[in-house]
Each structure stands twice: as structure tokens, then as C-alpha cells.
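Listed in TrEMBL:
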ACT_SITE  THR168  active site, nucleophile
BINDING   ARG196, VAL197, GLY198, ASP199, THR219, GLY220, HIS221, GLY222  substrate binding site
Amino acid sequence: GRMKPVIVVHGGAGRIFKEREEGSRAGVVRAALRGYGILKQGGSALDAVEEAVRSMEDDPHFNAGCGSVLNEKGEVEMDAIIMDGKNLDSGAVSAVKNIANPIKLARLVMEKTKHMLLTDHGAHLFAQTMGIPETPGEKLITERSQERWKKNLEPDSNPQEFQKDLGTVGAVAVDREGNVACATSTGGLSNKMIGRVGDTACIGSGGYADNRSGAASTTGHGESIMKVVLARLILYHMEQGMSPEMAADAALDYMKTRVGGLGGVIVVNNSGEWAARFSTKQMSWATVKDDQLHYGIYAGERDTKPVDEALISESEGF
């Protein structure tokens, strides 16, 4: 391989409340470092994005896996997708309950079935067949999700207010062989209707990867993202010759003007250029390229440190 590997991750666009900033920052940095570790050893983009997303699913700071928001009935229902840019293979799950890592199940759908998307009960049966251990629903529920759910049930509540603090997670990567991949995972919208599926599980909306152009993973208002097929739209702009940053901004701008939707995206093109852009107030993101770690939460914020240094502080706890 002759490509320099790159990974970019996001921990969700929206409003990141002050008390959760540090945890969000630490979580995306940890995920990026883990994914990069795989790429550095010559591992695939697919393995790298899966590992990065799994790391964030296990982190209660994010709305994915453990820490997912609750639906109107007070349950966790999760969506996830993974895509291989080499052959456009993809696997996704929607409305899954009682498993710790939906992204792992999405990968198995891609590799062990002829299908691309399994939902709810069918996804549950498939998980059992694959020997994935069941995690009791309450293990995935954090105090924060529970509190928010209760608040949103109050007659004068406005769930839309809380929606701004979304925290879908995602990753994109290009490996040494020049293959790209994306992965996205979420608990969805707080107090959503039972059975609601958002953009995350939908190919082209929650994510898309194609070696001919690059890979994108999205976050934000799912229904808006689906209306414009945001991830595929970004790749289309790159196919027209735009840089990842220009493509991301153009697509986010279109979503805002056309349907009034806000969100965020991470993008990598097939020559290793990357971008992390958002139209919301904040989005936690991190990337590693050329052994340099970059990360941020606010518009225009970009901290940089050498990977070696970051790994040391990582092992000592952030």
C-alpha cells in the first residue's frame, strides 16, 4: 500500500452541554486513536471505523449503544450502518434492542447475509444466531437518558429543545491500500415514536463510502438528512471536483436552505484529504493523519498534538 492512512470520527452534532464537553472530547479522541492504531498496523479501513464506533458505543457520553436516548415508551432502540468503499457492500440494523454494539451486528449483516438492512425482531433473531450476547435494556440506559425522557413527557415540554443535544457517532477512514469505509451508530431521537428509523440506518443518508470518491458519515436531524440523502450528496460534490471541506459545506448549506435542517458531517476523500464540518452550534470530532491528532467541538476550534503524546495521556486517563 502507498496511501497514508487517515481516520476521522464524530460524536454527534448539536448542543454539547458544558458538563459533557470534556467527556465528549476525550471520547472522540480515544475513538480516533483506536481506529488509527488499526490503520497503522496495516489494518483495513473497515476494521478501523468499526472499532472507532464501538469505542463510542461503549462510552455513555454519546447517544449510541450505552447512553442511547429513550423512545416514547422509555426503551432504547438503536440504528447502525457500515459500508465498504471497495465494492459498495453495506450492512445496517434498525430499531435493535438489548445489544451493546449495534455496529458489530451491522458488520455481520454485511458479511454473513445477502441483505443490507435487518430491523427490530429480525435483527434480534439474527443476533442470536450469530451468538451475540444479550445486554439487558436497563444496562444501556443512563441516568441522563432517563431524566431527559421524563422531562420530555411533561405536558409543557418541548422535546425539540433537547433534540439539539444529539450525539450520534460515526467514523470514516482510508487505509494503506486506498480503501475507504464509513460507520455510523445512534440511539435516535429522544422520545421518538416506537419503530422510528432515522437517517443512520439508511445508506446514502447516515453514511456512504465509495473508493472512487471517498467516505462520509453524518449526524444531526435525521429526517432532514434523509430528505437530501446527505452523505451521498457530499460524495457527489467531490465527484464534481470539490474538496471534502467545500463538498461538506455545500451539502450542509443545501440541507439548511432547502429543508431547514441542521447537522454535521465527517468526510475523507480517496487521496486522504479530510473535513469535519457542521451547521449546528457544536460537533465533537477528532482525526489522525501523518501521526498528528486534531480535534475540536466548537466552530473554528482545532487542537493539535502528536499521536505519541496523545497516546501517553490516553493511557494515563485524560
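Keep in mind that glycine also has a Cβ here, set from the backbone N, Cα and C atoms.
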Taking only the Cα atoms, work out how far HIS221 (substrate binding site) lies from the residue listed as 'active site, nucleophile', in Å, as a whole number.
10
Mind computing the max CA-CA distance among ARG196, VAL197, GLY198, ASP199, THR219, GLY220, HIS221, GLY222, which the record assigns to substrate binding, rounded to whole Å?
16
Least buried of the binding-site residues GLY198, GLY220, GLY222, going by other Cβ atoms within 10 Å?
GLY198
Cα-Cα, whole number of Å: GLY220 (substrate binding site) versus the residue listed as 'active site, nucleophile'?
8
